[in-house]
Amino acid sequence: MEKAAGCPSVGGSYPQKNAEILSSQYGINLFLAGLLLTFAWAVHAVGISKSHLLSYLITLMLIQLLWMLWYLGRSCTQRRLIRDKDTHAGARWLKCGITLFAVITLILDSFKIGYYIDFSNCLSPTEGIFPVTHAVHTILQVYFLWCHAKDIIQSFKTLERFGVIHSVFTNLLLWTNGVLTESKHQLNEHKERLITLGFGNITIVLDDHAPQCNCTTTTLCSIFSQGIYYLYPFNIEYHILASTMLYVLWKNIGRKVEHHQQHKTPFKFHGITIGMIFGLVVLTSTIAIVVVYLIQIGRSKIKSELALTMFYLHAIFVLALMCTAGIVALLIYRLEDRSLDNSKNPARKLDAELLVGTAAGSWLLSWGSILAIICAQAHPKYTWYNLPYSVLVIIEKYIQNLFIIESIHREQEKVNDDIKTLRIVTISRGSTLSLTPSYKEIYNGRAGLESGEVPCLLKGSVCGRENDCCTKEETSQDKSSVMHSASDISFYSRNSVTNNKRRILKNIAAFLFLCNLSLWIPPAFGCRPEYDNGLEEIVFGFEPWIIVVNLAMPFSIFYRMHSAASLFEVNCKT
């Protein structure tokens, strides 16, 4: 009978669980079909052209646009339908970041439209329709995320699951398309540069998808074609951020949340001057290194080797500093005794999984480089710098992941509650209010004074305003004052140590934040020694190593941007 009584409540969750499974399978199949179509276009499969791929992506974007319009319309007409919010999802700084990337993506779409107009005689109409559709999709999606990223959907849950998961995998396919297009461009430049390093035994076959006609305006065509590839890194980051925010929205569908007030943690520059200064030095030097690298690489063998050496030495120095900062932060955490927040939080869980998952891309490349250095028969001088660089990449990500994941799981300190607790303890020990109370005494004892009560406790009994109680208190006033002062000194000492630890942690988080932004710049804008080193191609073969790099590099690039976003949150929370 007990099982029969429990069946309805248990069985009630089955439809929603099935909807979650069905929607996830729908999204995966949607993604795999698009991924296979993208791969077929990349390898010049017979009967598959770029217009087929773009038509598929346009269809997916139009379906998502219809769903978002329906959701926005329903939300406007029934404002009380969605009442619960996930306070941890869709942080304001994250929305600002995705808005910045979206604006640059719109510039990219305008360049594509201009490029299509100049080559309209030999390009498929889909190449003109795609950037227009993508621009509309970008504008509406950013608006949708600004307004509804925190929603916890409790109605039309089955339909909404399919709509949200469709949006997730649409953005993932757009991200894949951007990664592939940018990688093909980088690969063509890489093949041309390899010959300058003396690797003549590698066959140079350019993978050209250029239009087979002349441009109507040569200067504009050159600006559009070159500008597109410099803007692709921002487009790639935009779509991966959008997909993660939508995934959190999908996980929150039907979720039951506790209604509690979350303390806002705004970003403040106060107290992080040292970390910001060192971080800005790293950022400035990295930009200078990237500029020199892109100018020198491929010019001649000597200049290319010098550029690679310069890059490795700079990266080794930066990674060593980041490892040291991470170790110091972890040691501070080991000295503290603070509980972890283990409550269910889809956004926080996704952050931790993305950190470890995307770090695997860099680890794969690093282990490949280490193995190539060990197994290679000839070792140019500059390749030896690759060994400590690869080892430090592995160690640095390992330490940084530990620091970030522990930081986002640690509970915030409540200083005001500690002060109030101290006040209650000192009062219960028999201390009285002095005629010239301190600021802390005024703050904590204000309520008692306004109500006409004297906080006077002795051996668990309450003393009112009678003279007997006050007379007894006078005999122990000196002793209790000493105890009160000792407690204050002890508290302020502990509070000072805690503040110093927090200041160090905030500076470390600010420094690592700028360092991760700095290390995002080189691979995102074409400074990739994994391509230009040449040693890995000889050991593993040109095509196998290029496949590994093209698969792992996007995850490595995303790791740096995601780490920077997580460290920004850590800095606000600390």
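Just so it is clear, glycine is given a Cβ too, placed from its N, Cα and C backbone atoms.
What TrEMBL records for this protein:
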- 26-47: transmembrane segment (TRANSMEM)
- 53-72: transmembrane segment (TRANSMEM)
- 93-117: transmembrane segment (TRANSMEM)
- 129-146: transmembrane segment (TRANSMEM)
- 229-250: transmembrane segment (TRANSMEM)
- 271-295: transmembrane segment (TRANSMEM)
- 311-333: transmembrane segment (TRANSMEM)
- 354-379: transmembrane segment (TRANSMEM)
- 504-526: transmembrane segment (TRANSMEM)
- 538-559: transmembrane segment (TRANSMEM)
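Relative to the transmembrane segment (504-526), the listed stretch 271-295 leads the set 271-295, 311-333, 538-559 in CB pairs under 8 A. Here the transmembrane segment (538-559) has Cβ contacts under 8 Å with residues 175, 179, 183, 187, 190, 199, 202-203, 233, 236-237, 240, 354-355, 357-362, 364-365, 368, 371-372, 375-376, 397, 520, 523-524, 528, 530-531 of the same chain, all six or more residues outside its ends.
Outside the transmembrane segment (229-250) by six or more residues, the chain places 23, 86, 89-90, 94, 97-98, 100-102, 104-105, 107-108, 111, 138, 141, 145, 148-149, 151, 153, 161, 164-165, 167-169, 171-172, 174-175, 178-179, 181-182, 185, 346-347, 350, 354, 524-525, 554, 557-558, 561 with a CB less than 8 A from a CB of the stretch. Residues 244, 386-387, 389-391, 393-394, 397-398, 401, 404-405, 530, 533, 535-536, 538-540, 545, 548-549, 551-556, 558-559, 562-563, 566 of the same chain lie 6+ residues outside the transmembrane segment (354-379) yet bring a C-beta within less than 8 angstroms of a C-beta in it.
Contact between the transmembrane segment (93-117) and the transmembrane segment (26-47) does not hold: fewer than three of their C-beta pairs are under 8 Å, each pair 6 or more apart in sequence.
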